[in-house]
Amino acid sequence: MCGIIGYVGHRQAHEVLLKGLKRLEYRGYDSAGIAVLNSSLKVFKKQGKVSDLEQFIQDQDVSGTTGIGHTRWATHGAPNDVNAHPHLSSDKKLAMIHNGIIENYDTLKKELEKKGHRFISETDSEVFIQFIEHIQKHNQCSLEEAVRLALTEVVGAYAIVITSKDNPDQLIAARKGSPLVIGVGEEKKEYFLASDATPIIEYTKEVVYLNDQEIAVINGDGLSIKNLDDEHQNPYIQTLDMELEAIEKGGFDHFMLKEIYEQPKSIRDCLRGRLIAANGHLALGGIHKHYQELVNANRIIIVACGTSWHAGLVAEYLIEDLTRIPVEVEYASEFRYRNPIIAPGDIVIPISQSGETADTLAAIELAKEKGAIILGVCNVVGSSIARASHEGAYIHAGPEIGVASTKAFTAQLTVLSMIALMIAREKKTISEQKYLELLYAMDAIPEKVEKSLELNAQIKYISSIYKGASNFLYLGRGYNFPVALEGALKLKEISYIHAEGYPAAEMKHGPIALIDEEMPVVVIAPHDNSYEKIISNIQEIKARKGKVIAIVNEGDAVIETMVDHVIKVPRTKEELMPLVSVIPLQLLAYYIALDRGCNVDQPRNLAKSVTVE
Ligand code: G6P
């Protein structure tokens, strides 16, 4: 939440900053601002999107080769021009951008007010920069030292970048709990700082991921990193494996649609080198030290939020079914505050697309303290959750920019299915034949997803019929119950239609009361063990005049005689059906949102990377 960017070098900073902020806009889009340094320190900020800021600065002098920028997801204070970042010190010599939350800002603010400081915004970030200013003046020390001292006193999470009028070629950055990447330009003559690597890769692939509680100082001498005890740290420069096309729309109207269409490829990428059906090979290179502990686990606990939590629910069905290891799936936010029972040797699997979700990160820390082994399932390489895990597997979905998660979900399911199958084979809880059948079935999933995407035109048509609905119900059973939850979440997130997912049989314990001719009900009804039962559920809905959109398998001739619309997706093994059945639900949400004129990639109030608790 909140995207930050900094630049120092030979280019016009504002160009790098604005371009970068657009790439980071998925992290928040309430307001945006930049500060640039030439002979003076100038701040430009505006409520709204980066494009509003861009318009605002059109006729202004924004020249300068050092600068910082911010796109905000409001926490403290309304989204307006004043609360927008960068924030200035009271002498207006320092400007700061901040992603995170300073929990003791109120105490600090009161102390500073007693000392004569005045604040113009309602933000914790303005308190933060004035606190640094106060320390620098009081101790007569360098800015770097003032930042270090301030960081030993602030409580909370931050990724910050500070620029100073007195040192126009210098940027000081620090992080704790919120991400920060430093791009090292050619010949180390220019540097880029950002919340993630997407604004950087256009210029350089050499990056340093700043660790928690580290301070980076960039100036004419290059980059130096120290910890909070003032000890030098060796920057570890990594080369990014990411192409620019991966973060552009590539001819699609929206990132979400592009990402939906990328799924055959992202699933293939996820399987590549890991699964070779023809010789029964299945291995995840990232899980080897703790492989035996995973296989022999007494219990697996999955912690996640949002769509990743839904992937976790599917994994619960999969792992319990195939391996007989008990699995618990927890909302990370609940897990961390309820004193959970974790025995040493329990395996905790955090699932996170961004790898930065604050609640999931905190749940990991708690589980680690209690002796659990953490096997992370993340998309963003080098992210905080990936680094906080003992081992893990990347899902290799490539950058996901649309706020509503799509390709990350299917890639998460792919990795989780592989984990379940690896354990099951090792434990011999499934026969070799079943193992091989499932391997072949997984191998064929990208093709089945491709076929499901061919339903685009039909789904677009169905969406146009139901775009005016005020409520939607999504029903599924077994493996497809979490898919119902995910379908409802997608619709809520981007179209603002109230939608709920339910296990189909639970409908009669409440939601059935809502059904009338106005209520569209999406029923996921593939040919599996629950098929007959779900037909009864469909009849219950039709008896009450509900409108049914059924997701069925190709060849199904029964359900179409009962319902208003059938969407026929290819058949696969029951265990893998969510990988296919979710596709039409993603498209349905997309087209309904589009028909309603919603901003599909940047839905109101949401952010993609939730770095606040
Ligand atoms: C936010 C996003 C969701 C995402 C959830 C968990 O709510 O809008 O799309 O599923 O966070 O994020 P993570 O990055 O941990 O998977």
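Every residue number used here counts from 1 along the chain in the order it is shown.
Glycine is no exception: its Cβ is also placed from the backbone N, Cα and C atoms.
TrEMBL has this to say about the protein:
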DOMAIN    2-221  domain 'Glutamine amidotransferase type-2'
ACT_SITE  C2  active site, nucleophile
DOMAIN    290-429  domain 'SIS'
DOMAIN    461-603  domain 'SIS'
ACT_SITE  K608  active site, for Fru-6P isomerization activity
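Secondary structure at K608 (active site, for Fru-6P isomerization activity), taken from DSSP and collapsed to helix, strand or coil, is coil. Mapped onto DSSP helix, strand and coil, the domain 'SIS' (461-603) counts 72 helix, 29 strand, 42 coil.
For the domain 'SIS' (290-429), DSSP puts the residue distribution at 65 helix, 26 strand, 49 coil. If you draw a 10 Å sphere around the CB of C2 (active site, nucleophile), it holds 28 other CB atoms from the protein chains shown. The local packing around K608 (active site, for Fru-6P isomerization activity), expressed as other Cβ atoms within 10 Å of its Cβ over all shown chains, amounts to 26.
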